[in-house]
Structures are given as structure tokens and as C-alpha cells.
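Student: Next up is a structure, given as C-alpha cells.
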Amino acid sequence: MSENRKFQLGTVGALSLSVVSSVSIVICNKALISTLGFTFATTLTSWHLLVTFCSLHVALWMKLFEHKPFDARAVMGFGILNGISIGLLNLSLGFNSVGFYQMTKLAIIPCTVLLETLFFRKRFSRNIQLSLAILLLGVGIATVTDLQLNLLGSVLSLLAVITTCVAQIMTNTIQKKFKVSSTQLLYQSCPYQAITLFIIGPFLDGLLTNQNVFAFKYTPQVLYISGNWKDIPGHLSGPRTSENMPCFGVWLCSAS
């Protein structure tokens, strides 16, 4: 079997695992928040990121990728911003319906394209522009027909979209500048993401929910679901750069 064929099969397999794991995580998180009453989305995200780092450490030990240290300041800045964006996305899931959360994730694609067009003067093909127009139409229809729309959830979703767009652009910039893969970048930045949310999580969750995460009654179901794995296969499939918007879109769709 040729190397190109192996690469294609590996990519398809990784994307398939990404879809299954990501959809499962969203369903589990929504059940955890809505059904089991664990409304502390930011704290939950910090636990996810900690599990992600441990999982990537195992993957490194299995030589699935190479460890490549680079500029610590860039890693720290990216880690803090990306941690905040992931936390906001989970908060959006907690305060919105699953459908609106999906639309929030999809809205990241055209917003990223808009920012890159305005600030980096990038041009995208007519096919991509047409795809984005259809996507925006679907997002608009889904938004105005969502009966569970609320002010706090909408504000959190807007902040999540903005921070995630900036984080994605930073991902592309850092990968190009330091020649690292998305997995190497994630491994380096994951501790900063987890620490950021672990520190601010209990205070932010308490402010938004009027509940104390440390006073919550942790049942076996809550402990099991809250420890589910983050989307590792999606990161092992290779770098996600803004030059390849179709693949970028597939990742975002699978993550929702």
C-alpha cells in the first residue's frame, strides 16, 4: 500500500473517530449539565483539558507524535486564550439548547474567514464563498427559530465565537512560525489551558449559577461522565490551518 493511501486512510479514520468522540462528548456534557444538575461548565472544561494532557502524554510515550518545545511565551499566551475560548463554548452549551450550540460552532467558520479577510487580506475561492453563504443562511434560520434563545446564552455564544476565531488564527500563525503540528501545540499549551480554567472556573461558575462546585453532591454518574475524554483523534489527524477551509469546516462540524 502506498504512503499516500496510508495517509488518506489514517486521516479518514482519525476524522471518523473525531466525529464519534466529539458528538458523544457533547451529548454527555449536556446530560451532565441538564439532567444531572452539574452546571459548572468552566470547571468541567478544566477537567477535560487535564485528561487531554494525560492522554497526549500517553500518545507521546507511544511515539504517536514527537515532542517539540518552542517559544514559552507564545505557548502560554495561546494556552490561556484557547482555554478561555473552550470554557466559553462549554458555558454556551450549558445556557443554550444543543441546536443553538451547534450553530455557534458553525458560526466560527465564517467569522474566522471574515477576520482573516479584514486583517490579513486573505482571499478565498468562489466555491468556499458559496459554501459560507449557504452556511450563514442555515445559521440565521436556526437562530431566529430557536425558542430557547436567551440573553445570557447569546452573549456567551458571541464571546465564544470571537475568542475561538482569534485562537484559530493564532493556531495557524504559531504552526507556521515554529513549524509545529496541532498535536505538538496542544500538548505544549494544554497545561496552561487547564490551569487557567481550574483557577477561574469555580468563581465564574459560582457567579453564573449561584452554586458552589465544592458543595455539589458528586454521584458515581457525575464522576464517570465528567471524566470523559477530549477529542484526541481530531488533533492526531494533523494540522488544521485556515488555508484548508473545507477540512476546517469538517472539524468544526464534527466537534458539534
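Glycine is no exception: its Cβ is also placed from the backbone N, Cα and C atoms.
For 12-33, 45-62, 74-93, 99-120, 127-145, 151-170, the entry in TrEMBL reads transmembrane segment. TrEMBL lists 21-187 with the feature domain 'Sugar phosphate transporter'.
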Student: Which one, 12-33, 74-93, 99-120, has the most C-beta pairs under 8 Å toward the transmembrane segment (151-170)?
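Tutor: The stretch I would name here is 74-93.
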Student: Between the transmembrane segment (12-33) and the transmembrane segment (74-93), are there three or more CB pairs that fall under 8 A, provided the residues in each pair are separated by 6 or more in sequence?
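Tutor: In this chain the transmembrane segment (74-93) contacts the transmembrane segment (12-33) - 3 or more Cβ pairs sit under 8 Å.
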